[in-house]
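Q: I have a structure I would like to understand better, so I am pasting it below and will then ask my questions one at a time.
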Amino acid sequence: MTSILGSARPLIQVGPKSRNASTSMSRLPSFPTTRPCRRAPCSSSSYATISPTAPRSSQRNPTNASRHPRIDEVDHIPTSALGRVLLTAGSALGLLNNPSRGDLLSMLTQVSSGPSLAHLLESMRSTESGRRLLIERPSVNSETVDVDYLASLERGKFGREWIEWLKDNGVGPDGRAEADYMTTLEHKYLIQRYRESHDFYHLLLRMPVTQLGETVVKYFELAQMNMPVAGFAAAGGTLRILASSLSALPKPSQLISAALNRSPAPETAHQPPSSADLSALQTLIPWAMQVGSSSVPLISIEWERCWERDIEEMRREFRITSPPIQVAKFSGRAKKGGKRRGWPSKILEHQKAQHQQQQQQQKVDESRN
């Protein structure tokens, strides 16, 4: 090694005598290597293939390179920002014209829920029951609920009162459309749980499925969950109640003719229902907003574990006070085309079918005897 360095020393010159240094370097002795070094080819796409979820289209299109799908992303209907705005406006106007359109309500809930999803997710993660819901993801419908068992509970229990409320209002938990616009499993379950819990809010707030009751519940949801769909529905319900109240007023022509004839203006024996709803709404809105802002996050409640609990105890625990006035119960929906308008109720259909089966079985037993 010393001989090599000694022979190489006069070849590498410094200072002013190094003008031919580049040519002298070619005469340096070469050292043979035992393993040839091969340089691996490097391409711009080798970094993109590190992530197994990165689409190949993002390697060629730099505009989509920053968009990587989440691991829990599910099949959904893709929408752009402009598309969501148009769907929000269209579904809101459609619901204002016909509030019984459940498909429009589901669409409005999904396409407008973007700003509030983080708040809902934070509310569920803040409690142990909410975190358990996000892991187990149970559902409330006629296939997961033992209707016969809940109907056998004594009055005052949450499960029994829920069944009685369904009977009184002619509704059920199965009229919920799929959340086809949500991109991830987590967001899809948030919307599903929000919609499945809506009837429980009615029950705890003592509100029927009427125009007044629905509007009050939407004000409650707006104060507690900041859901845009709750704001749209609350504003739409208020406008409809206000329009009904204005239409019940005497026409100007009637007032003028009554004044000219010096006859008393037409009076009703009692206050019209529309005017009564408007007066009740003015009283119930502050109460609903106050209860919504002070009660516990109901989105994280495991209703499946509350069937046998006392409903009044639950109201005290959730800090839900009684309404300042009593709201009239549901008296049935108007019929259109010979059919009653309303949400489908598979629970009531199940009870009716079971009753018919029992009657048929009794007839069979009697015929055998």
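The chain as shown is numbered from 1 upward.
In case you wondered, yes, glycine gets a Cβ from its N, Cα and C as well.
Swiss-Prot lists these features:
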- HIS198, ASP199, HIS202, GLU214: Zn(2+) binding site (BINDING)
- 19-33: compositional bias 'Polar residues' (COMPBIAS)
- 47-66: compositional bias 'Polar residues' (COMPBIAS)
- 332-343: compositional bias 'Basic residues' (COMPBIAS)
- 1-70: region 'Disordered' (REGION)
- 330-369: region 'Disordered' (REGION)
- 1-28: transit peptide (TRANSIT)
Q: To test your reading of the Zn(2+) site: which residues beyond HIS198, ASP199, HIS202, GLU214, same chain only, put their Cβ within 8 Å of the Cβ centroid of those residues?
A: VAL171, PHE200, TYR201, MET207, VAL209, GLY213, VAL217
Q: Counting every protein chain present, what is the number of Cβ atoms, excluding its own, within 10 Å of the Cβ of GLU214 (Zn(2+) binding site)?
A: 18
Q: For the binding-site residues HIS198, HIS202, which one has the sparsest Cβ surroundings, going by other Cβ atoms within 10 Å?
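A: Among the binding-site residues HIS198, HIS202, the sparsest Cβ neighbourhood within 10 Å belongs to HIS198.
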